[in-house]
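Report on the following structure.
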Amino acid sequence: MWTGLGPAVTLALVLVVAWATELKPTAPPIFTGRPFVVAWDVPTQDCGPRHKMPLDPKDMKAFDVQASPNEGFVNQNITIFYRDRLGMYPHFNSVGRSVHGGVPQNGSLWVHLEMLKGHVEHYIRTQEPAGLAVIDWEDWRPVWVRNWQDKDVYRRLSRQLVASHHPDWPPERIVKEAQYEFEFAARQFMLETLRFVKAFRPRHLWGFYLFPDCYNHDYVQNWETYTGRCPDVEVSRNDQLSWLWAESTALFPSVYLEETLASSTHGRNFVSFRVQEALRVADVHHANHALPVYVFTRPTYSRGLTGLSEMDLISTIGESAALGAAGVILWGDAGFTTSNETCRRLKDYLTRSLVPYVVNVSWAAQYCSWAQCHGHGRCVRRDPNAHTFLHLSASSFRLVPSHAPDEPRLRPEGELSWADRNHLQTHFRCQCYLGWGGEQCQWDRRRAAGGASGAWAGSHLTGLLAVAVLAFTWTS
């Protein structure tokens, strides 16, 4: 049937099949240009002057980005806007007092937007260079039903507001109206905030911390049967936030591990499905590209200063890299640097465990990008649930001391063997950066399009199919 096809048909069909099976392209990496970024966002600058225990500068060079979440640091590559640093975010404080109206429908969006410029300008003072900008609003959630436990105050006060305006309404009508008013106002606050800050600092990648969430914490109640999978209802609720994903330019899920999950398969599953859900959202809610995903994690377990085990470094940083995240952000608060002892423990952990692993996985992701994707994409695990990672092969590489002043303490020595390349090709595929295509990101679509901006193959697919059909008609 197909033997009589001419070269035009053959080429068109090859392009259609190849482009249709590719992953959507994503934004090229920022900062160092590495396919997988590891950022350090812990206020460890106090360890030297205050506690006489500075961290090793050579260790810190293992991180692509260094920042601090503390108030006094501005113009950083990573900026986190907590609720008191960006506009007038309506919420209830820790003692239940209303701040800026309490519930979003009681806040002033206009006044909030008026204040944004000054706040953004204070923390991000220049347009260049590009960076990550994370809005951390955790007091309420824009989906009504997700405001459970201590967040139920937002539903309760929303119902009271409606009841005060309509005392004759039945309870079910009050609830329905309260939900509508809350969700509409929450959406407006989040959307208009994103639109403003994106227009004001367009080179930064903007999104909300902990969005999307997976709500897969049921290991506490169901340890024996825990799978880590996101409940179907929560996946559906994430899809209700399509308006948020459409306006975001990056996603920032969180995979903080409780010590209950330490060195367990449950810990890996908890992380894996949260990252997979973020990558799903990043992919399905944009027609022509996938949003970059930067995963927040901690160098220690939640609510403590015990460093992650080797297994859990793999389950957090390694799993994120293998699944195709753009990077991880290692976050910590002032509790990491309260004394000489806490700084010493952190310094020892960095030298002994964290830095060697970060160097390993960062370079493994880079070598895979070079070998598999021509340096124009990142490697993504073919089977998301497979137990395979982007690690340097012990038979081909070793980490050796680096004496160059501008390099990390350790660097890889060796090269990929044919067995390494076969392993990568078997277990990983490429996700190309915008403007590149092909199974190995070998096609420069910008050049093929005559200088037009690089868009995903999906935008060309209809045209290619038309070419194929037309050419087949000519040869029939």
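Just so you know, glycine gets a Cβ as well, placed from its N, Cα and C.
Swiss-Prot lists 1-20 with the feature signal peptide.
A C-beta separation below 8 Å, combined with a sequence spacing of at least six in one chain, links C343 (disulfide bond) to T44, D46, C47, H51, M53, P54, L55, F336, T337. Taken from Swiss-Prot, the feature disulfide bond applies to C47-C343 (among others).
Positions annotated as N-linked glycosylation site by Swiss-Prot: N77 (among others). In sequence order, F31, A39, V65, A67, P129, G131, L132 are the residues near N77 (N-linked glycosylation site), counting only same-chain partners six or more apart with C-beta under 8 A. Under DSSP, N77 (N-linked glycosylation site) is assigned to coil, being neither helix nor strand in the three-state scheme.
Swiss-Prot lists N106 (among others) with the feature N-linked glycosylation site, giving sequence analysis as the kind of evidence. Counting only same-chain residues at least 6 apart in sequence, those with a Cβ under 8 Å from the Cβ of N106 (N-linked glycosylation site) are P90, S98, L157, L161.
Residues or ranges marked as active site, proton donor in Swiss-Prot: E138. With a cut-off of 8 Å between CB atoms and residues at least 6 apart in sequence, the same chain places R83, Y209, L210 near E138 (active site, proton donor), listed in sequence order. DSSP assigns E138 (active site, proton donor) to coil in the three-state reduction, placing it in neither a helix nor a strand.
Within 10 Å of the Cβ of C230 (disulfide bond) there are 20 other Cβ atoms, across all protein chains. In the three-state DSSP reading, C230 (disulfide bond) counts as coil. What Swiss-Prot records for C214-C230 (among others) is disulfide bond, and it gives similarity to another entry as the kind of evidence.
Taken from Swiss-Prot, the feature N-linked glycosylation site applies to N340 (among others), supported by sequence analysis. DSSP assigns N340 (N-linked glycosylation site) to a helix in the three-state reduction. On its own chain, N340 (N-linked glycosylation site) has H51, K52, M53 as residues at least 6 apart in sequence with a Cβ closer than 8 Å to its own Cβ.
Here Swiss-Prot flags N360 (among others) as N-linked glycosylation site, drawing on sequence analysis. Around the Cβ of N360 (N-linked glycosylation site), a 10 Å sphere holds 22 further Cβ atoms from the protein chains shown.
Among the features that Swiss-Prot reports, domain 'EGF-like' is placed at 364-442.
Its Cβ placed at the centre, C379 (disulfide bond) has 28 other Cβ atoms within 10 Å. Under the DSSP three-state reduction, C379 (disulfide bond) is assigned to strand. What Swiss-Prot records for C368-C379 (among others) is disulfide bond.
Taken from Swiss-Prot, the feature disulfide bond applies to C373-C430 (among others). Residues near C373 (disulfide bond) in space but far in sequence (CB under 8 A, at least 6 apart, same chain), listed by position: P35, C379, C430, C432, Q440, C441. Secondary structure at C373 (disulfide bond), as computed by DSSP, is helix.
Counting Cβ atoms from all protein chains shown, C432 (disulfide bond) has 28 others lying within 10 Å of its own Cβ. Taken from Swiss-Prot, the feature disulfide bond covers C432-C441 (among others).
Taken from Swiss-Prot, the feature GPI-anchor amidated glycine covers G451.
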Disulfide-bonded residues (C214, C368), the one with most neighbouring Cβ atoms at 10 Å: C368
Entry from the disulfide-bonded residues list C47, C430, C441 having the most other CB atoms no farther than 10 A: C430
Helix, strand and coil residues within the domain 'EGF-like' (364-442) as assigned by DSSP: 20 helix, 23 strand, 36 coil
Nearest of the recorded positions (C214, C230, N360) to C368 (disulfide bond), judged by Cα-Cα distance: N360
Between C214 (disulfide bond) and N360 (N-linked glycosylation site), the C-alpha gap once rounded to whole angstrom: 29
